[in-house]
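Q: Below are the structure tokens for one structure; questions will follow.
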Amino acid sequence: MTPRKKLEGLVAATVTPMTPDGRINLSVIHQYVDYLVSEQNVKNIFVNGTTGEGLSLSIQERKQLAEEWMCQGKGKLDHVIIHVGALSLLESQELARHAAAIGASGIAVIAPSFFKPTNKDELLGFLQKVASEAPTVPFYYYHIPAMTGVKIRVEELLDGIREQIPTFQGVKFSDTDLLDLAQCINKKEREQFVFLYGVDEQLLSALAIGANGAVGSTYNYLGRKTNLMLQAFAKPDLALARKYQFLTGEFLSFVIKLGFGVAQTKAVMTSISGIPMGPPRLPLVGASEEFIAKAKAKLESIVWPDGD
């Protein structure tokens, strides 16, 4: 992995492969890496996040997954970002130390979601305690208020953040509040921090206001198409970029109506990649055969601008 190369473009939020009986399946991660790189043209990953069921895994499982992704990604991936957030500060710190020890490109932390921070200082205090355990590793805040219930605006959080967290590098911004994102980018500018958008169906809007790239689950299987959208946006050919975004949105709108989450993402990924991702961990339950058939048919029916 290229050290300290700027993180931009697409980052696949990886799913966690599991065996039929619910254990993590490390044996397919080498195939997974090769698939992302060769088939999807995605060379950055975000491990043990929401899509990876990170908070449903044990600390030992999270360490094993981080190690395997680092091992299999060596020489193939540009960035391996390890999510180390947890409800327990001590566990989050342990995971941060481990990520640093194995050479992770960066660490990310989600806000605690049971006993929640209620203001900027409380949240910053938690983040600082975790970041300090990996003092040479780039640190990212993972903002996803729909899941955590922590709605502290990122614009507010970033004010003076480098004084508390010298390694602070940017934000995984998984919220639809584009005003908050825009104010962050306007005040901090792209050169200082990295802003990676996390709502796949709205990526083009985020790019328009200055996001550096994106972290998302669809880039596991629609990475190549989304990269073409990024290329069109950069030309700029906005009409072509919109076509890609609208078609991604058409697929997501379809599956969301059927019921779409991590379990269904694993099923779609299995179907498209041919790599067995296995079931989710309870309380999530596996996708139905009906869902899998309908989702596959819908995706195959889409006519992309590149003709593939």
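Indices start at 1 and increase along the chain as displayed.
Every residue gets a Cβ built from N, Cα and C, even glycine.
Feature list, courtesy of Swiss-Prot:
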- Y142: active site, proton donor (ACT_SITE)
- K172: active site, schiff-base intermediate with substrate (ACT_SITE)
- T50, T51, S174, G198, D200, E201, S217: aceneuramate binding site (BINDING)
Q: Ten-angstrom check, please: count other Cβ atoms within 10 Å of the Cβ of the residue listed as 'active site, proton donor', all chains counted.
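A: Excluding its own Cβ, the number within 10 Å is 27.
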Q: For the binding-site residues D200, E201, which Cβ has the most other Cβ atoms within 10 Å, all shown protein chains included?
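A: The largest 10 Å Cβ neighbour count belongs to D200.
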Q: Please report the Cα separation of S174 (aceneuramate binding site) and Y142 (active site, proton donor) in Å, rounded to an integer.
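A: Rounded to the nearest whole number, the Cα-Cα distance is 7 Å.
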Q: Below 8 Å Cβ to Cβ and six or more residues apart, same chain only. Which residues does that give for S217 (aceneuramate binding site)?
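A: Within the chain, S217 (aceneuramate binding site) has Cβ neighbours under 8 Å at A12, A13, V15, T51, D200, V262, T265.
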Q: Let me check the 10 A CB neighbour count of K172 (active site, schiff-base intermediate with substrate). How many other CB atoms are there?
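A: So the number of other Cβ atoms within 10 Å of K172 (active site, schiff-base intermediate with substrate) is 27.
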Q: How big is the aceneuramate site in terms of the longest C-alpha to C-alpha distance among T50, T51, S174, G198, D200, E201, S217, in angstrom?
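A: The span, Cα to Cα at its widest, is 17 Å.
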Q: Rounded to an integer, what is the Cα-Cα distance in Å between the residue listed as 'active site, proton donor' and the residue listed as 'active site, schiff-base intermediate with substrate'?
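A: So the Cα of the residue listed as 'active site, schiff-base intermediate with substrate' lies 5 Å away from that of the residue listed as 'active site, proton donor'.
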Q: What subset of the binding-site residues T50, G198, E201 lies within 10 angstroms of the residue listed as 'active site, schiff-base intermediate with substrate' at the C-alpha level?
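A: So the list is G198.
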Q: Suppose the aceneuramate site is T50, T51, S174, G198, D200, E201, S217. Which further residues of the same chain have a Cβ inside 8 angstroms of that site's Cβ centroid?
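A: For the aceneuramate site the neighbour list reads A13, V199, V215, G216, T218.
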Q: Compile a sequence-ordered list of residues in the same chain as T50 (aceneuramate binding site), six or more apart from it, whose Cβ lies below 8 A from its Cβ; state 'none' when nothing qualifies.
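A: Non-local contacts for T50 (aceneuramate binding site): A13, I144, M147, S174, V262.
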Q: Any same-chain residues 6+ apart from G198 (aceneuramate binding site) with CB under 8 Å of its CB? Would you list them in sequence order, or say none?
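A: Within the chain, G198 (aceneuramate binding site) has Cβ neighbours under 8 Å at A13, H143, I144, K172, F173, S174, D175, A214, V215, G216.
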Q: Note down the number of other Cβ atoms within 10 Å of the Cβ of T51 (aceneuramate binding site), including every protein chain shown.
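A: A 10 Å sphere around the Cβ of T51 (aceneuramate binding site) contains 24 other Cβ atoms.
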